[in-house]
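**Student:** Just dropping this structure here.
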Amino acid sequence: MLEKIIEASINNRLLVIIFTAFIAFAGIYAIFNTPVDAIPDLSDVQVIIFTDYPGQAPQVVEDQVTYPLTSAMLSVPYAKVVRGYSFFGLSFVYIIFEDGTDLYWARSRVLEYLNYVSSRLPAGVTPQLGPDATGVGWVYEYVLDGGDKYDLQELRSLQDWYLRYELTSVPGVAEVASIGGYVKQYQVEVDPNKLKAYNIPLNKVKMAIKRSNNDVGGRLVEMGETEFMVRGLGYIKSREDVENIPVGVDQNGTPILIKNIANVSIGAELRRGLAEWNGEGETVGGIVVMRWGENALKTIERVKQKLKELEKGLPEGVTIKSAYDRSGLIIRAIDNLREKLVEELLVVALVSIIFLLHFRSAFVAVFTLPMGILISFLIMYFQGINANIMSLGGIAIAIGAMVDAAIVMIENAHKHLERDRGKKEHWQIIMSASKEVGPALFYSLLIVTLSFLPVFTLQAQEGRLFKPLAYTKTYAMAASAIIAITITPVLMGFFVRGRIRSEKENPISRILIKLYRPVIDFVLRFRWLTIGGAVVLILITILPLQRLGSEFMPPLNEGDLLYMPTTDPGISITKARELLQQTDKIIKSFPEVHHVFGKIGRAETATDPAPLSMIETTIMLKPKEEWRPGMTMEKLIKELDAAIQFPGLTNAWTMPIKTRIDMLSTGIKTPVGVKVMGPDLQTLSDLAERIANVLKDVKGTLSVFPDKTVGGNYLDFKINRLEAARYGLTVGDVQDVITTAIGGMNVTYTVEGLERYPVNVRYNRELRDNISALKRVLVPTPTGAQVPLEYLADIEIKKGPPVIKSENARRTAWLYVDIRDIDVGTYVKNAKKAVFDKVDFPEGYSLVWSGQYEYMQRAQKRLQIVVPITLVIIFLLLYFNFKNVTESMIVMFSLPFALIGGIWFMYILGYNFSVAVGVGFIALAGLSAETGVVMLVYLDNVYNDWKKRGMIRKLDHLKQIVVEGAVDRVRPKLMTVATTMLGLMPILWGTGTGSQTMKRIAAPMIGGLVSSTVLTLIVIPAIYFLWKSRELKRMSAQFAKDEAEENNGNETF
């Protein structure tokens, strides 16, 4: 069938050219319209449930909100993990879904289950879904600089009520979160003594404020043939409006106003997060969260364009500064890969010209590359795959192999043209040469393509990272296979003309033949020694293999840093602000740092479940050219770490995107994490401390920080039910006073144009800032009397959970482990043994090793199953091509040869085994098989030619066949290897964004191709000779038998 396709393409060459031009134009369109990002979106499909429960302690939030929600969400279809976080006044529930689940389908399912569980939640508590964004949706961050003219409250109002909504309307934006500054609040600080004097309960004050803040409608009134809409205007507009709200009358009928019983002021809402800029002090900022599936680069460009438009409406003196802009990373990453693609194209073109010494023939070979790339982009565009470092990387590692088929076909056409010397019509020669090697080459490219099947089976984060690479490499190789049997024969007919140099006239070929011939002579003389030597090399390779470490993925250098230390739980926001400013100031003092944007606590978004003890400082670095001489990222991190040493502060240095992915996928921000699970928080805390003490002594541990599950400070009011009952009070009556009078309650919101601000009611600060004052807080009774709180409750200071974490409705304590000078796999192996030997677990408690190790284990288990299946598929494809089990097995023997160079090269470069390295070895398997196929094709062609002419009679003839097939046709074999291997070199010497991952893929491919090629050129001829010599012996025996029978017949006659 493939021969017929080649013939049809040549006979309909005009149609082929027209169709090629159409595909080329479509591919160019796809290049300019394919979405662009730095890396694939690695985050899980997740739905976030965010619940605001103001003023409530984490234990209350856990019991009344988080646990009911997490237990209900466990049964949501395709939910694989449900994580719960209970903070002060906030609950977060993250439902992580199986790969491939549609986000909007998942959101609708969660809403269904939310309706079911909402009746079990406290009155007034309304859970809501987080934005339809991914874990890496924070694409742009900015700060507002008001100089000395505007305070933080004014800037926050500007952010909340002007910038936020305008930016949310930008296409591709799911949410704009505010961080820092002060939210304006009307604060009504009630004097309990005056309440007692006027005999006014606190509830009456709250109700009076609520009923004094509303606009109503009175339908319509018709007057003088005109219709009027009736309104009753009553919104609170100012502090004076609040002060003049009546709450009752005294004995003389004089109205009692709010200002008679309370002090009304404008202050700040309770804060659980703040922002800082360059160590200069607090600031107000915004975080742009991109919608799921959107084009990151275009979304950022639209946001920046919108900000330019909005600047005109800002008050004079207010400017917007960029704090984090992912478009820089995207552009750097894509430009780096584009540069590598151009370098690879040039290298491949140069190799083709040098080997062929015929410019037009080289053009035909190189034409495969841009055409294959255009076809790949066209399929990417329709499939919705972003152009990122992984998808472009798939094309990059395929470039060298894409041209292989064209090179072999052109070289074979050269051979035919040289041999026929005009005896046949030109197109007939091209067709004959194409048919001779085209089918085998098609199958070899198909093997290279299908060898990537294991990558498609990877799941979760590793699958999302490498599938785009696998898709684009597959598309590129499939495109080159189709081009080889359609476009290449047509182009050869047009361009492979004129004087064609024979291999003997080509100086490169002469040198190669001169070097290779004595090697083959030696191999054919000492066949078993050659094969034995190859086996010994394979066995020796076990030594470096045992010394290779393991890791999930090499670090992705984003070009910027994220400083993410953890402070002691229970830290006040005042101390947190001081600590953040000090660390930011130190970081900004480094000459490599451009600017610093610090955040402590959480931004106003469901995508940020950060406690007040968590610092996140985004460090934007200057271009490398402006760094100090000899400075590297590793050195810079070490210097920063040494400069920032504060008591109670555990440093962690990472990168923005990586951290967001890790935090939202496993919850662990360090390379290794331990999750201890069980029912009791105190026991979990004790276990976490014991494990941390053990891990500190494990070799390679840089730092260990266990969650302080009981490290928070609590002021407990233990209500005495009997005493409360004596005064006619229920527990709820007492708790109302604790909630409102002490904690404060937002009773209503003012409507000031488009702006909304809370009105908060509570007691004066001096009546609630120490235990003695709290004991004197008055509780109204049904009789009108007011009883001090100390008569109704005992007040105690205790330690408790600052945050409660759970996974699949089981409480957990996490340990964050940072490591240095050791690979993840070896470290966890040693750590597991140490913990198993030294820590005893009570009944009902368990641990799970998480972080990068969790990903690594999952990927290894998957590959252990799929790789053998892929090898079977490669063997079947070889059999379909050769129709011979022996020849298929000979090619399969070349795969272990490839491992030799790949493993040794990894060992020399000091790389650990990772998923990226595994992908490189998978790609190597297909390329190694292709090299073996090309060698066998030429050996078979010569053998069949001799056999057809009846010239194979003895072993000397067989040796001549092997020499002719191997030595005389060494040029196309080395050309295919040279283009593939040299095409990968620009990746290996690359230093830009994403280069660390691509290097791990290219390294085993380059090393493996060297060993595979050398051993294929040496060992396969020896094995082929042994196999055919046995056939020759059988043929000779049969020939002698037939001759003897014929002689006997003649004698009888």
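Numbers run from 1 along the shown chain.
Each Cβ is built from the backbone N, Cα and C atoms, and glycine gets one as well.
Pulled from TrEMBL, these are the listed features:
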TRANSMEM  12-32  transmembrane segment
TRANSMEM  364-383  transmembrane segment
TRANSMEM  389-410  transmembrane segment
TRANSMEM  440-460  transmembrane segment
TRANSMEM  475-496  transmembrane segment
TRANSMEM  526-545  transmembrane segment
TRANSMEM  863-882  transmembrane segment
TRANSMEM  889-909  transmembrane segment
TRANSMEM  915-939  transmembrane segment
TRANSMEM  974-992  transmembrane segment
TRANSMEM  1004-1027  transmembrane segment
**Student:** Counting only residues 6 or more past its boundaries, what in the same chain has a CB within less than 8 Å of a CB in the transmembrane segment (475-496)?
**Tutor:** 2, 5-6, 9-10, 13, 16-17, 20, 358, 360-361, 363-364, 367-368, 371-373, 375-376, 379-380, 394-395, 398-399, 401-406, 409-410, 413-414, 417, 426-427, 430-431, 433-434, 438-439, 441-442, 445-446, 448-449
**Student:** Are the transmembrane segment (863-882) and the transmembrane segment (915-939) close enough to be called in contact, which here means at least 3 C-beta pairs under 8 A that are separated by 6 or more residues?
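**Tutor:** When sequence-distant Cβ pairs are counted, the transmembrane segment (915-939) touches the transmembrane segment (863-882), since at least 3 lie under 8 Å.
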**Student:** Among the recorded stretches 12-32, 526-545, 1004-1027, which has the greatest number of Cβ pairs closer than 8 Å to the transmembrane segment (974-992)?
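**Tutor:** By Cβ pairs under 8 Å, 1004-1027 leads among 12-32, 526-545, 1004-1027.
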**Student:** Applying the under-8 angstroms CB criterion, which one of 12-32, 364-383, 1004-1027 scores highest with the transmembrane segment (889-909)?
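**Tutor:** Per the Cβ under 8 Å count, 1004-1027.
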**Student:** At a C-beta cut-off of under 8 Å, are there same-chain residues at least 6 beyond the transmembrane segment (915-939) that contact it? List them, or none.
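**Tutor:** Apart from its flanks, the transmembrane segment (915-939) reaches 397, 401, 404, 408, 437, 440-441, 443-445, 447-452, 454-455, 458, 462, 465-466, 469-470, 473, 552-554, 855-856, 859, 863, 867, 870-871, 874, 878, 881-882, 887, 890-895, 897-899, 902, 906, 961-962, 965-966, 969, 972-973, 976-977, 980, 997, 1000-1005, 1008-1009, 1012-1013, 1016-1017, 1020-1021, 1024.
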**Student:** Which of 364-383, 389-410, 1004-1027 shares the most C-beta pairs under 8 angstroms with the transmembrane segment (526-545)?
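**Tutor:** Against the transmembrane segment (526-545), the leading stretch is 1004-1027.
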**Student:** If we skip the immediate neighbours and take only residues 6+ beyond the ends of the transmembrane segment (389-410), which ones have a Cβ under 8 Å from one of its Cβ atoms?
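**Tutor:** For the transmembrane segment (389-410), the far contacts come to 38-40, 333-334, 336-338, 340-341, 344-345, 348, 352, 355-356, 361, 364-369, 372-373, 376, 380, 433-434, 437-438, 441-442, 444-445, 448, 465-466, 468-474, 476-477, 479-481, 483-484, 488-489, 492, 496, 923, 926-927, 930, 934, 972, 975-976, 979-984, 987, 993-994, 997-998, 1001-1002, 1005.
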